[in-house]
Amino acid sequence: MIFNIITIFPQIFESYFNVAMIKRAQLKKIIQVKITDLRHYADNKYQSVDDTPYGGGAGMVLKIEPIYKALKSIKRKKKSRVILFSARGKTLAQKDLQRLKKYDQLIMICGRYEGVDNRVAEHLADEEISIGNYVLTGGEIPAMILVDGITRLLPGVLGNLESPKDESFTKEDELEYPQYTKPEKFKTWKVPEVLLSGHHGKIKEWREKQKKRKP
């Protein structure tokens, strides 16, 4: 899987993609993360990639021309998809991660400022994605979330093959069951007795009950 990220702040990703699971997945060549600096495709000496909005209004809007050029510069796999992070997009859910992991390449466009020229959504992106009903300063954090969420679903990334099957949201309206570890008792707080019983049937039954979503 190749993740291409188009951004005006490539340095944001340096630390996150070079530790833990994401780093291991890259070393195993399960994924590749490629960052494209949008400013390299500016058509002026100031490397400006934004301008004032037509019709007036506060803030600046990312221009379509540099985004178009950046997309054209990326070598495309046969099974690829272009994603624009936008508050207008569909809210990301676990089922979307399951769907998107089937692609060979995801190209992500990170918005900034007041947004992106809407012609990008209309003509260049395959879909718009939001990560929730709140406002962020840009699409870089959503890009990290998408890369993380998909990478952990890919074969060979997690050590325990069963892990993704039992996690929260794998089935609609279900959460992962509560987890406990040593010590058995801390202050007056004890691990549920059923988990200490060694009775696998009862443990499984308890976990299934706990997985139901809380109201």
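Note that Cβ sites are derived from N, Cα and C of the backbone, with glycine treated the same way.
For reference, TrEMBL has these:
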{"type": "DOMAIN", "residues": "1-214", "note": "domain 'tRNA methyltransferase TRMD/TRM10-type'"}
{"type": "BINDING", "residues": "G111, I131, G132, N133, Y134, V135, L136", "note": "S-adenosyl-L-methionine binding site"}
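Overlay of TrEMBL feature records on the structure.
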| residue | record | CB count, 10 Å |
| --- | --- | --- |
| G111 | S-adenosyl-L-methionine binding site | 27 |
| I131 | S-adenosyl-L-methionine binding site | 18 |
| G132 | S-adenosyl-L-methionine binding site | 11 |
| N133 | S-adenosyl-L-methionine binding site | 7 |
| Y134 | S-adenosyl-L-methionine binding site | 7 |
| V135 | S-adenosyl-L-methionine binding site | 6 |
| L136 | S-adenosyl-L-methionine binding site | 15 |
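DSSP classifies I131 (S-adenosyl-L-methionine binding site) as coil under the three-state reduction. Residues G111, I131, G132, N133, Y134, V135, L136 are the ones the record ties to S-adenosyl-L-methionine, and the longest Cα gap between any two of them is 16 Å.
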